[in-house]
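Working notes, beginning with the structure itself.
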């Protein structure tokens with residue numbers, strides 16, 4: 001099966017060069033020389049694409065300054081890491097060529113809109129990391145400004161979340177400053193990547209829900225509905241960027257369930273009809289409308305990508321038939337009875353094969369075989385042993401040309417040996433639970449039933465005639481109900497090292513799928529009419545459900561080893577980052593890693609929050625009331641919501657089987673800084689400002705809310721002390737200091753070898769600094785907790 005390179009190689013990294021070091025150094029010098037000649041191109045490019053450069057008057061500078069500028073051109077005009085993939089996707093959108101990605105389309109559509117706005121036509125193929133944007137006339141400044149803008153907008157939203165949650169202005173400034181000076185968040189938002197959009201919409205969801213909660217005493221008012229709807233829409237936008245947006249969906253869902261549960265309390269004095277009204281309002285705003293928003297972006301996605309492209313092979317034949325110029329549709333050949341075909345496994349790409357060799361009477365583990373003729377899977381596409389003839393069964397066999405369709409009971413005759421494919425109740429060579437495939441003589445009446453197979457198409461291909469290349473099918477053995485299956489494991493020498501093939505009792509296994517690769521003696525298009533050459537139609541919902549299924553399944557297949565993949569336990573203290581780009585000439589590199597000061601303090605704040613919460617519970621149990629009620633409520637409810645958000649954005653990664661990287665932790669880090677603010681206020685500021693929301697009740701609230709016990713409301717104002725300012729100043733200075741120290745790795749400025757070694761802390765594997773590690777931590781695993 002052909003695969004989409006952008007997905008299959010997404011986390012395998014660039015292919016390592018096999019060239020000698022001297023050759024590589026010569027090529028690096030050529031790149032610098034090319035950068036000198038690209039000086040004129042840069043000025044022309046900036047004038048064309050409205051970019052602003054501090055070197056607009058560079059023609060008046062001396063030659064040495066031109067050389068410096070040329071080096072900076074190399075530094076800032078090459079693309080890095082996953083820009084390879086998302087840049088490709090942008091080009092596919094602009095060319096309307098269908099592609100496949102494991103992420104929903106919103107963020108990519110936003111980047112595409114920016115490219116279209118500035119006149120980019122998607123001509124550049126983003127072939128490999130390090131290619132030059134300027135020489136290829138790619139508006140990289142404008143494209144990178146899109147995620148940078150989203151990243152910048154996150155800063156005021158963090159402030160607003162803290163402010164509307166009722167925290168002191170010092171806490172809000174403290175939290176916002178800590179977030180602002182995080183190297184990982186800055187570095188990730190400077191490139192053509194998706195995470196800054198993800199975090200922006202996540203923060204919008206949190207802010208909207210906070211504002212909705214503040215308006216709870218003005219139920220069903222315009223303000224109440226506005227922020228409820230804003231929560232739902234922002235939540236859908238988050239999910240439309242990446243599937244990890246499900247974490248914010250889960251958080252809002254749990255908070256909403258808790259809210260409704262409290263409304264149902266008989267002590268609140270609400271009628272069930274009024275509770276039902278609350279439920280319906282939330283159901284529409286947080287389920288129905290977000291669903292339509294999420295679907296909308298896929299509708300845009302499918303509307304644009306109407307032409308065959310690199311993602312075709314991930315989709316069903318019915319889906320591919322809806323794309324203009326699809327090669328499989330053009331090359332597909334209808335299959336009739338008595339045609340000779342080759343059958344290829346969908347996953348391994350090996351062919352159904354047989355020959356005159358027999359199974360050994362006894363396997364190495366002592367099991368007995370049928371000693372029948374071997375049937376296996378063959379990697380050689382040109383072997384004559386791959387050819388099988390399709391035979392019709394039953395009482396209605398005619399000499400007329402008869403199409404083969406879903407549900408037909410067929411036989412497959414091996415052309416070279418003139419024997420029929422069969423399976424029976426004998427264990428296969430490698431999997432004792434599966435059945436052995438072999439062949440039988442065509443006139444053997446005793447084994448006739450064992451040679452019968454039901455041809456079963458995938459659901460989306462039902463109603464179509466069997467065709468080569470297009471139709472995914474299973475061969476279901478009629479007597480036993482097993483499905484023909486193959487895997488990558490090979491047989492020993494007695495089997496010619498062919499690939500294993502057997503009968504799988506789990507017929508729903510996706511590895512049971514096959515396609516017809518070739519129809520011997522037939523040419524594409526010879527039996528097609530004009531109507532069959534037209535693009536087929538398929539409902540939006542069918543395309544959406546198929547793509548969702550593929551996104552989830554392919555995401556789980558991203559398990560290939562990568563030098564910069566890391567385990568979630570290593571994210572708490574960033575012991576392993578990601579090398580986005582490096583230049584051997586200038587010793588420059590971009591290495592994604594977090595601000596250690598903020599991340600370590602955040603980890604400490606989690607421990608402090610849990611410890612204080614547990615201690616307060618124990619103290620109350622023993623009759624001690626050590627915390628003022630307004631402070632306790634703020635710490636429990638606001639802090640608890642942030643703790644829930646953090647847990648849902650971090651802990652699920654422990655059960656994910658796919659390859660993981662440090663950037664997956666960034667949404668959780670964003671929330672961690674806000675939780676740090678909550679802990680900071682509890683520890684260093686006297687009291688808290690309470691209540692945070694307006695207590696003015698509207699008509700609906702006064703009419704329907706008749707609590708049996710009037711709630712006790714205590715007002716309080718937070719008070720700043722010298723300790724508050726000193727603590728904030730010390731922590732922020734440390735955060736900014738580490739940020740400045742990390743600037744060369746965050747922005748990719750030139751570094752000497754000594755500087756590289758100085759920055760190689762915690763075992764970070766930086767380029768040009770091998771052999772020296774400061775504060776190297778022992779390897780961490782999932783078991784180190």
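Count begins at 1; order follows the chain as displayed.
Using the three backbone atoms N, Cα and C, a Cβ is placed for every residue, glycine included.
Keep in mind that TrEMBL annotations are predicted by a computer and have not been checked by a curator.
Given the structure is predicted, the values throughout are model-derived calculations rather than measurements.
Taken from TrEMBL, the feature domain 'MIR' applies to 332-393 (among others). When averaged over the domain 'MIR' (332-393), pLDDT in the model lands at 93.
Taken residue by residue, the domain 'MIR' (401-458) breaks down under DSSP into 6 helix, 29 strand, 23 coil. The domain 'MIR' feature in TrEMBL is assigned to 401-458 (among others).
Look at TrEMBL and you will find 1-22 tagged as region 'Disordered'.
Per TrEMBL, transmembrane segment is recorded for 141-161 (among others).
What TrEMBL records for 192-210 (among others) is transmembrane segment. Only residues 6 or more beyond the boundaries of the transmembrane segment (192-210), in the same chain, are considered here, and those with a CB under 8 A from a CB of the stretch are 79, 81-83, 86-87, 90, 103, 106-108, 110-111, 140, 143-144, 146-148, 150-151, 153-154, 157-158, 160-161, 164-165, 185, 227, 230-231, 234-235, 237-238, 240-242, 244-245, 248, 252, 255, 645, 663, 666-667, 670-671.
Positions annotated as transmembrane segment by TrEMBL: 225-258 (among others).
Taken from TrEMBL, the feature transmembrane segment covers 279-300 (among others).
Sequence annotations record features per position, and here TrEMBL assigns transmembrane segment to 596-615 (among others).
Per TrEMBL, the feature transmembrane segment maps to 635-653 (among others).
TrEMBL lists 665-685 (among others) with the feature transmembrane segment.
Long-range contacts of the transmembrane segment (725-747) within the same chain, counting only residues at least 6 positions beyond its ends with a Cβ under 8 Å from a Cβ of the stretch, are 170, 173-174, 177-178, 181-183, 186-187, 190, 588-591, 593, 595-598, 601, 680, 683-684, 755, 759, 766. The transmembrane segment annotation in TrEMBL covers 725-747 (among others).
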Give residue numbers and ranges for long-range contacts of the transmembrane segment (225-258): same chain, 6 or more residues beyond its ends, CB-CB under 8 A.
102-107, 194, 197-198, 201-202, 204-206, 208-209, 211-212, 215, 281-282, 285-287, 289-291, 293-294, 297, 551-552, 555, 641, 644-645, 648-649, 652, 664, 667
Quick one: do the transmembrane segment (596-615) and the transmembrane segment (635-653) reach 3+ CB pairs under 8 Å, ignoring pairs fewer than 6 apart in sequence?
yes
Which bits of the chain, at least 6 residues beyond where the transmembrane segment (635-653) starts or stops, bring a Cβ under 8 A of a Cβ in it?
165-167, 206, 244, 247-248, 250-251, 254-255, 568, 571, 606, 609, 612-613, 627, 660, 664-665, 667-668, 671-672, 674-675, 678-679, 682, 692
For the domain 'MIR' (332-393), the number of residues DSSP places in helix, strand and coil:
3 helix, 30 strand, 29 coil
